[in-house]
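According to Swiss-Prot, the protein has these features:
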ACT_SITE  160  active site, proton donor
BINDING   101, 208, 286, 308, 309  FMN binding site
BINDING   155, 156, 157, 158  substrate binding site
BINDING   332, 335, 339, 353  [4Fe-4S] cluster binding site
BINDING   337, 383, 402, 410, 420, 447  FAD binding site
């Protein structure tokens, strides 16, 4: 497909965009100590610009020392201007354009713990401070011009300070900045005027806004949203960047939508607003394919399309779409583990990506080796395949030894759960990528100490993965007791009343899978059902369990199993009251976790032979796939 609409030019004031694709502002956490731009941030943006992105919008910047959340870059000193100028110069040299997102967090940065993990109670803003903040937005816009940016964006969504003023659910002021719709909009109108008056007439002005204000006690109506955007357009806003979500309700999930939400879930909501406003629209929301991106432009539903996490997963997404090589795209799977979870986890230095562990490491490049080595990779899961791909690309000779009859076994199983087809597709994609690169694979091959000696590799990477952790429960060998793997592999399909023991990440998905097939499921967990799930995944669990009518038994220890019965002790979380009981069921599925597959013998043999060896992924200890693939990437780069 040529995707003519997607790759048609677009002009906003004096800015000529070569196509309709924008990299929206997304937090990377790469700002150094809140004040410096390093080679990693520059390389990240340059890579997307070289691939053909029409406009990169730099992540939100703090406009004053407080609040200045620990992961954001600042824009309130000459030093910030100098640092950001390095970035814009590099992107311009690469043929791209740069915008910047002007931001004030209000109470929302308190969600993101600082380095000391402390929280503070936010204060009510004085009118004097409101006027200062308006001036700070104006100063930030002026500094953005000095730093060489081609466009500015005002972030007025997602429960940040501007949205807190706009929403009747958050704005409880009784002065000129609260109460009536006009008063609630006053702060934003003043900010828009301050920004417009501090940038050149030919400089485009974007504004991020919510196309729906929802799931709070009081929200902006559709009419209010339309009126607000049209008034901002009169005051100088050129493009409405329409998103969805807030930080005070379940609507948080719409900001960084996980796999539970359909691709393009927000298209019609955005189009509904577009039809009622007087300026062009940029839209976002799990738009991951060239076909979908082209369609929203072709049908007039968007004027510009934000391709965000798809460009995190593959910096060359645009090149591959333009050249008709979409089968080579590393697709985002909506796991949110490397992007969203990393942002809210202060222990993570920067974002990463399950499918693209080289994210934020673009500055390293992929240096070719001048001493090719024969590398034995024991295990063909995601970590092993990523390691092999990196090694092959760098000029080494990796060989994958896989005990089963196919690659990506565990990740394929992850794709069996409801709404996770993308995961299964990625498992298949990785297997095909190994084949495309010409990497030798030996399936149905169990590696022993003797195998290593016979193969005589220069290096060994052990990526044998994990195995089922079977708890010591009397009666666990009863005929009606099955493992998570038996269910996910399709070896069994328990029906009727089914107890699922161990409801962390895998257990909740097994519970939903069986319930979707008609089983009456009871989810049993020693701690709390859903323990270990990411924040957004936990938010989806309750409505999904309600939809599937899955019963939950948290704080429950299983003491024994027998045919058709589960014996348990339950501790009430609030009262600490302990009760014993017997649950009658037709089948029981054990999902109590995984443990590293034994590999000490292989490692010891390598050491005896003097062969450099590294253990990665689940083989080094149970971990999520994002960490495993990053370890595979690092192992491939280290040789």
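From the backbone N, Cα and C atoms, a Cβ is placed for every residue, glycine too.
Of all Cβ atoms in the protein chains displayed, 25 besides its own lie within 10 Å of the Cβ of residue 402 (FAD binding site).
Take the mean position of the Cβ atoms of 332, 335, 339, 353, the recorded [4Fe-4S] cluster site; other residues of that chain with a Cβ within 8 Å of it are 309, 312, 313, 333, 334, 336, 337, 338, 354, 355, 356, 626. Of all the binding-site residues listed here (337, 383, 410, 420, 447), 337 has the Cα closest to the Cα of residue 101 (FMN binding site). Residue 101 (FMN binding site) carries a strand DSSP state (E or B). Taking the Cβ of residue 157 (substrate binding site) as reference, residues of its chain lying under 8 Å away and at least six apart in sequence are, in sequence order, 163, 208, 209, 210, 243, 245, 246.
In the three-state DSSP classification, residue 208 (FMN binding site) falls within a strand. Around residue 410 (FAD binding site), the C-beta neighbours below 8 angstroms that are at least 6 residues distant in the chain are 381, 382, 465, 466, 618.
Cβ neighbours within 10 Å of residue 335 ([4Fe-4S] cluster binding site), excluding its own Cβ and spanning all shown chains: 26.
Within 10 Å of residue 309 (FMN binding site), judged by CA to CA distance, lie the following recorded positions from the set 156, 160, 332, 339, 353, 402: 332, 339, 353. Its Cβ taken as reference, residue 101 (FMN binding site) is surrounded by 23 other Cβ atoms within 10 Å in the chains shown. Under the DSSP three-state reduction, residue 155 (substrate binding site) is assigned to strand. Spacing of residue 420 (FAD binding site) relative to residue 335 ([4Fe-4S] cluster binding site) is 9 Å (Cα to Cα, whole number). Residue 339 ([4Fe-4S] cluster binding site) sits 11 Å from residue 308 (FMN binding site), taking the CA atoms of both as reference points. With the fewest other C-beta atoms within 10 Å around its C-beta, 447 stands out among the binding-site residues 156, 447. Closest to residue 335 ([4Fe-4S] cluster binding site) in space, going by CA atoms and restricting to the binding-site residues 286, 383, 447, is 286.
Counted within 10 Å of its Cβ, the other Cβ atoms near residue 286 (FMN binding site) come to 22, all protein chains included.
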